[in-house]
Amino acid sequence: MGENLKEEGYSMEQDQEVGGKNYSRCSSAGSTHTPNSSAHNSDDDDDSGDARHSAANSNSTLNLSYKERRRSAHTQAEQKRRDAIKKGYDSLQELVPRCQPNDSSGYKLSKALILQKSIEYIGYLNQQKLKQEDEGAALQKEVTALRIIQSGYETMLQHQQANPGPKEARLTDEAKFQVFQAIMEEMFETFQHIPMDNFKQLTSGIIPWLEEHCKPHILRNILSRTLQQMAQEAQEKQQLQQAMEQEPGESFS
DNA sequence: GTTCACCACTAGGAGGCATC
DNA sequence: GATGCCTCCTAGTGGTGAAC
């Protein structure tokens, strides 16, 4: 309705006619509420009456015309202001999902409800924003941890490619697996103490664990122990084999 | 001093709801 | 159905402070 008023080039005269003819709800107020019907106009009525009674008084006439001009301009300005406010409410109702009608009946919320629901929606959006920021921070930590792990593996790979070692000194696949198994079993002993009640606890616990239990000297010790153990087992196996080879000869002698 | 924007007040219509 | 009451909305107007 307000938009219509604006589109039609609203003026006081038009208001009183257009309002009465076209607008079912707000119209009648505009149509019947002529300037002289307002309680505020009692003083003006007196002024205009004085002006009529003393038509020769040019000052009074000028004063009256000024008042009328001012009143007219003021009325238009107020109408413009109310249109802007109404547009604001309409925009709010379009933008805020909870303010939108859920059927095609043209149902419209009151201005108070539009404000109230808009405030609720802004609060909801603020909560969503905080939640997403938390999730983003957790994911960022995870990315950092994975990049560190990736960097470690790349360094190891480069080192291995640069220094493959003598062919005879290289480990067999079975030996590599035993080393890997030994390292992982020992790592798991400490890794299982990381709190894992939720994903956030897990991701935030990985970095301290890496710094505490994945130090080079620790890995080196594990590797050394494992290789020593493997060498000892190989030696014992070799001795056993030699003994078995010697036993048949001794029995015959 | 004038203009502009805001606010408060008043008047009145429209619609919903309860009561008779 | 008529009526009264309440709520919501719109419009006109005067007052007022800030900006020009």
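Glycine residues also receive a Cβ, built from the backbone N, Cα and C atoms like all the rest.
Annotation comment: TrEMBL describes A:1-83 (among others) as region 'Disordered'.
Annotation comment: TrEMBL describes A:24-35 as compositional bias 'Polar residues'.
The compositional bias 'Low complexity' feature in TrEMBL is assigned to A:54-65 (among others).
TrEMBL lists A:69-125 with the feature domain 'BHLH'. Note on the domain 'BHLH' (A:69-125): mean pLDDT across this stretch is 78.
Sequence annotations record features per position, and here TrEMBL assigns compositional bias 'Low complexity' to A:233-246 (among others).
Here TrEMBL flags A:233-253 (among others) as region 'Disordered'.
Counted with DSSP, the domain 'BHLH' (A:69-125) comes out as 45 helix, 0 strand, 12 coil.
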